[in-house]
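Below is one structure, written out as structure tokens; comments come after it.
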Amino acid sequence: MYDLSNPTVIRELLSKHGAGLSKALGQNFLINPSVCPRMAQLSGASKDVCAIEIGPGIGVLTAELCKLAKKVVSIELDSRLIPILNETLSDFDNVKVINADVMKTDLEAIIKNDFGGCDTIVCANLPYYITSPVIMYLLESRLPVKSITVMVQKEAARRLCAEPGSSEAGAVSCAVSYYARPQILFNVSAGSFMPAPKVDSSVIRLEILKEPPVKTKDEALMFKIVRAAFLQRRKTLTNALSAGMSIPKETAVKAIEGAGLSPMIRGERLTLKDFAALADWLKENYFDN
């Protein structure tokens, strides 16, 4: 068993396999031995649950998941790390490593074929630059998973978990709240990584909702409105909708008033219920006419 949080061990493994750190892939390796056991425990991994892991690196979180979960499938983009993973995870018989881009991987097939439909969770230590795209891909895919536990930049965690209508809310946090119940689990200092990033991190868990908290007649239209509202968040909602949705200002005003809101309100003040009401009004009175 390897001490995968030991900087010397990490360097030796990388050197042995000719796999240096990739700045292009945003790689940082955890050297705080308490982080991954805690993350795996809080992810909901158990002998009755299977886990999809994204971005295993050299396998430090993977090993902890293997100790708890029924089966683990780890998806790693960097082909140079695959031989390292095969070595560091050789003591476990419940893990499968795939060299692939998660955004191009049929995750539903993994759940069906590798897990046999077992209850599934997703865990990830993602490079910060792809955090939001991967999270949105997972949520919009409507995968049959119980939760997504992921480490992100501390500031990004606050935004992702922000309540719609609050000052930190944005288009992504509205989408997260539509699909899941977000929670910040714990913070991780920059010094817990090699090399140390410039900012601290947070581990968050998104518990997938069986049903969205609001109903709308056109989900795609609602999210188009959300994006328009936050694209120009310093403008009034009237101006943001008119520009972002390419609709006349008078129509935007009618829609906003029809949803029971003031035309002078800004998009960042809206709740999911407000966005759903706007979408329903526009669908009934504008786009379907």
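Cβ atoms are placed via backbone N, Cα and C, with glycine included.
The local packing around E76 (S-adenosyl-L-methionine binding site), expressed as other Cβ atoms within 10 Å of its Cβ over all shown chains, amounts to 24. Per TrEMBL, the feature S-adenosyl-L-methionine binding site maps to N28, L30, G55, E76, D101, N125.
As a whole-number mean, the pLDDT of the domain 'Ribosomal RNA adenine methylase transferase N-terminal' (35-210) in this prediction is 95. Here TrEMBL flags 35-210 as domain 'Ribosomal RNA adenine methylase transferase N-terminal'.
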DSSP state at N125 (S-adenosyl-L-methionine binding site), helix/strand/coil: strand
